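Visitor: Annotations per TrEMBL:
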- CYS33-CYS247: disulfide bond (DISULFID)
- CYS81-CYS92: disulfide bond (DISULFID)
- CYS97-CYS104: disulfide bond (DISULFID)
- CYS153-CYS237: disulfide bond (DISULFID)
- CYS158-CYS220: disulfide bond (DISULFID)
- CYS166-CYS183: disulfide bond (DISULFID)
- CYS187-CYS196: disulfide bond (DISULFID)
- CYS197-CYS207: disulfide bond (DISULFID)
- 1-24: signal peptide (SIGNAL)
- 277-297: transmembrane segment (TRANSMEM)
Amino acid sequence: MALSHLHFPLFFLSFLLISSGAYSATFTITNKCSYTVWPGILSNAGTAQLSTTGFALQPGESNSVAIPASWSGRLWGRTLCTEDTTIGKFTCLTGDCGSNSIECSGDGAAPPATLAEFTLNGADGLDFYDVSLVDGYNLPMLITPQGGTDGNCTITGCSAELNNLCPTDLKVMDSGSGESVACKSACDAFGDPQYCCSGEYGNPNTCKPSSYSEFFKNACPRAYSYAYDDGTSTFTCAGADYAITFCPAPSTSVKSANRQYPEAVEVSAGTRITSPYSIYGGYLAVVATLMKIIFYLHL
């Protein structure tokens, strides 16, 4: 039985679906560290900008940010941050983006910093993602795809705590506490082209792993350890959301970092929503359900 009075609602809901914008994935960012982490987000040139580029996560806290379709960029955690309210300056000892505020506003992380890198809806509709230590390391990080289909949808990252294990000539020391707070890459520490994969070493045939990059690779076998570490470090998935977790599991040695990865990352129940795209995500799901109901009523 056709119900003509339902034609307008059907059209209206279809319009809302089209006009509300393309929605690709939700990043749920969780801090399992025992200290505050300030995530920073940088969108690549030519890709959609997000509604937030930086915020604070207290220990145990989560935040969800919805990501538009075909987004590419990177995400990292800043640590040991302070704010001078007299001059309005916000700075971090590791991962600082130089914006002088909690929002990074288009600025990237100063090395050393552990990076999560994404290209969504890339070749063949796949998401490409990795955790990179090419610019050094400042804290453990794990990427867990959730609900993906095509691709390998592998959990990747670096769950090891490496700051204390870092080679002495790569350590970044906090002058106040005397503790190691980050681990430089050999490129950052020495500037040598063979470590930076630059100049005559700017191709995979001449740029090879070093003893320094092997330190990172042995601790975190699925993370990028140097520029041409693609074969064991880039992963793909499709139609997934992603959980990005800082300090995913207690790990105090390189040996413990080589244990099998967990099957999933537990997300805090106190998740906060900061992006309007997140609202669209739930909204679109409701609209899609209503359209199905209307369709069956037309039959």
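Here the Cβ of each residue, glycine as well, is placed from N, Cα and C on the backbone.
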Visitor: Inside 10 Å of the Cβ of CYS104 (disulfide bond), count up the other Cβ atoms and send me the figure.
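Guide: Other Cβ atoms found within 10 Å: 24.
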Visitor: Cα of CYS153 (disulfide bond) to Cα of CYS196 (disulfide bond): how many Å, rounded?
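Guide: Between the Cα atoms of CYS153 (disulfide bond) and CYS196 (disulfide bond), the distance comes to 29 Å.
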Visitor: Which residues, sitting 6 or more apart from CYS207 (disulfide bond) on the same chain, put a CB under 8 Å from its CB?
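Guide: Those within reach of CYS207 (disulfide bond), by Cβ under 8 Å and sequence separation of 6 or more, are GLN194, CYS197, TYR201, TYR226, ALA227, TYR228.
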Visitor: Let me make sure I understand the structure: which of the disulfide-bonded residues listed (CYS33, CYS92, CYS158, CYS220, CYS237) has the fewest other Cβ atoms within 10 A of its Cβ?
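Guide: Each of the disulfide-bonded residues CYS33, CYS92, CYS158, CYS220, CYS237 was scored by Cβ atoms within 10 Å; lowest is CYS33.
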Visitor: Cα-Cα, whole number of Å: CYS97 (disulfide bond) versus CYS81 (disulfide bond)?
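Guide: Between the Cα atoms of CYS97 (disulfide bond) and CYS81 (disulfide bond), the distance comes to 11 Å.
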Visitor: Check the Cα-Cα distances from CYS196 (disulfide bond) to the disulfide-bonded residues CYS33, CYS81, CYS183, CYS237 and tell me which is shortest.
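Guide: The smallest Cα gap between CYS196 (disulfide bond) and any of the disulfide-bonded residues is with CYS183.
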Visitor: C-alpha of CYS104 (disulfide bond) to C-alpha of CYS183 (disulfide bond): distance in Å?
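Guide: Cα to Cα, CYS104 (disulfide bond) and CYS183 (disulfide bond) are separated by 22 Å.
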Visitor: Between the Cα atoms of CYS237 (disulfide bond) and CYS183 (disulfide bond), find the distance and write it as a whole number of Å.
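Guide: Spelling it out, the Cα of CYS237 (disulfide bond) and the Cα of CYS183 (disulfide bond) are 30 Å apart.
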